[in-house]
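First comes the structure, then the notes that go with it.
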Amino acid sequence: MFENSFLLKKYYRIVDKINNNKTFIFLIGIVSIIYILPILLANTYYVDDLNRTVEGYDWEHDGRFSSSFIMHLLSFQSEIVYSLFPFSNISSVLILSLSGFILCYAIGVRNKTQLFIGSLILTTCPFILEILVYRFDCIPISLSFLCVVLPFLFYKNKKIFFITSLLGVLLSLSFYQTTALSYCIVLCFFLIKDIWNNEFRNVIINGGLSFISFILGFLSYQTLVKILKLELLKDDRGSFVFKDENLKQVFKDRYVGLQELVGTLTNSSYRYTLYCLLTFSAIGLLIYLKTNVKKYFNNILIFKVVAVSILSMLIIIFAAGINMVVYEPRWVPRGMIGWGFAIYAFYFLIIINKETFFKNVLLVTAFTPMIYYSFIISSQLGMYLKNQDEFSDFIINLVSPKLVDYERVKVTEHQRIKLVIKGTIKRAHRNNTVNDKTMPFINKLAPVYENNGWGWGIIRMNKFNNIASEYIGGEKREQILKNIDDYPVIDRNIYYTLRLKNDIAIIDFDNE
């Protein structure tokens, strides 16, 4: 009865605040939608979208049963899922902004300027931009963000916090497993706040409840996967490295992969936005220390500093993500979801100061360059994807008539030409200014599908369903390429050499 009363009061309070802040909420929504406008205008299919838009399959093979459920529900279909583009992408960016807002509000931020900036930090994180490009995945993954922050609205009510944390972890795992660790990052922020405010009882109780709820959520997820009899893909993405004999070397390799991914941002002009953020966050911290030195300088200060340092290290570890501890890491931007949450550490260094106009100026100055740069990335990514898509279509339009003519004459009615890709398609000419020197991160966000043995290249080349969907890989592919001279050339130009023999076609982008 008490819990119901508490939840009702919470609900009415939220509704009342929404009614009183319509303009503020509308502004956050508009800015968020403008942020992904280039992606919407590009109107391209992204990685999994290429095949899912044809087959309509869900995510049960990945253990993401909540993703399957919500998208079947939204599609009003039981056998297939629809992308709902562009509404799915718009909904997703709004959910991300809502998640950022909830995180800041739950920890105690009430100033509108601070809440506005806080709402956009998560949304405009470059690593999270990849999620917003997906037509199908964007809604489930963005909902996983909401699941890890919602419990913290009830942080002060132990019982409700425990229940919502358990459900939040369970749902985040079933929406998108990678996001679950971000719950731990958010928890660390709340524990740091409690430690600094001498609320040690809260630290012990809520820390313990969170740990138990996370374990129970994980075990519940595994149990549901078994109950639902999901046939998961058999790969090493879910295999942990802890028992590996060369564990030290494994971690070194993972660190190199992490460096390469993050380095595409930090080694570009994006680093200047980080310098700006670090500088003004440091100023915020110095102001705080100067104005509160007498208040916090006591015999437990050392303990508090050590505890906060440990939690800060945990935030860094959790931000690195699951890729650090699995045998088959995927060093793609969406694997660094934790970065989007960890960056709030600099936000909190500024907002811990007393409410003054200067504090808001400091916050806006610190984060505006970073947020603006994310808009640049979104803009360039949208154009890049569109340009590359048009160039790929141009190549397909050159190749397709040759394949169709050959198939009609040489291949039997029940066969389709199987395609093998050698080399990598060129980058679109209009993408010349976006390269490894100017904006290398775009190459992580915009993969080239027609790339040697990558299976997505075959799916991309089969846009008009005029070749076999069968992927030739492994030893068979190597054997075909070894005997490439046995395949007669039927077309050659500045872009590729096309070879055909029986029901096998080789498109050689190396032009050898």
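Glycine is no exception: its Cβ is also placed from the backbone N, Cα and C atoms.
Note: TrEMBL annotation is automatic and uncurated.
As the structure is a computational prediction, the values presented were derived from the model and not from experiment.
Per TrEMBL, the feature transmembrane segment maps to 23-45 (among others).
Summarising the annotation, TrEMBL assigns transmembrane segment to 115-133 (among others). Under 8 Å from some Cβ of the transmembrane segment (115-133) lie the Cβ atoms of residues 24, 27-28, 31-32, 35-36, 39, 46, 89, 92-93, 96-101, 103-105, 109, 141-142, 145, 265, 270, 332-337, 339-341, 343-344, 347, 363-364, 367, 370-371, 374-375, 377-378, 381, 385, 441, 445, all in the same chain and six or more residues away from its ends.
Under the heading transmembrane segment, TrEMBL lists 161-191 (among others).
Residues or ranges marked as transmembrane segment in TrEMBL: 203-224 (among others). Using a Cβ-Cβ cut-off under 8 Å and counting only residues 6 or more beyond its ends in the same chain, the transmembrane segment (203-224) has close neighbours at 63, 65, 155, 158, 161-163, 165-170, 173-174, 180, 183-184, 187, 190-191, 194-195.
Taken from TrEMBL, the feature transmembrane segment covers 272-289 (among others).
The annotation transmembrane segment is assigned in TrEMBL to 301-325 (among others).
The transmembrane segment feature in TrEMBL is assigned to 331-350 (among others).
The transmembrane segment annotation in TrEMBL covers 362-385 (among others).
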Other than its close neighbours in sequence, what residues sit by the transmembrane segment (331-350), given a CB gap under 8 Å and a spacing of at least six beyond its ends?
103-104, 107, 117-118, 121-122, 125-131, 141, 145, 178-179, 181-182, 185-186, 189, 257-258, 260-262, 277-278, 280-282, 284-285, 288, 312, 315-316, 318-323, 359, 362-363, 366-367, 441, 444-445
For the transmembrane segment (161-191), give me same-chain residues lying six or more residues beyond its boundaries with a C-beta closer than 8 angstroms to one of its C-beta atoms, as numbers and ranges.
63-67, 70, 103, 107, 137, 140-141, 143-145, 147-155, 203, 206-207, 209-210, 212-214, 216-218, 220-221, 224, 311-312, 314-315, 318-319, 321-322, 334-335, 337-338, 340-342, 344-345, 348
Which listed stretch (272-289, 301-325, 362-385) has the most C-beta pairs under 8 A with the transmembrane segment (23-45)?
362-385
Is the transmembrane segment (362-385) packed against any residues at least 6 beyond its ends, judged by a Cβ distance under 8 Å, and which are they?
34-42, 44, 46, 113-114, 117, 120-121, 124-126, 129, 133, 269-270, 272-274, 276-277, 279-281, 283-284, 346-347, 350-351, 353, 428, 430-431, 434, 439, 441-442, 445-446
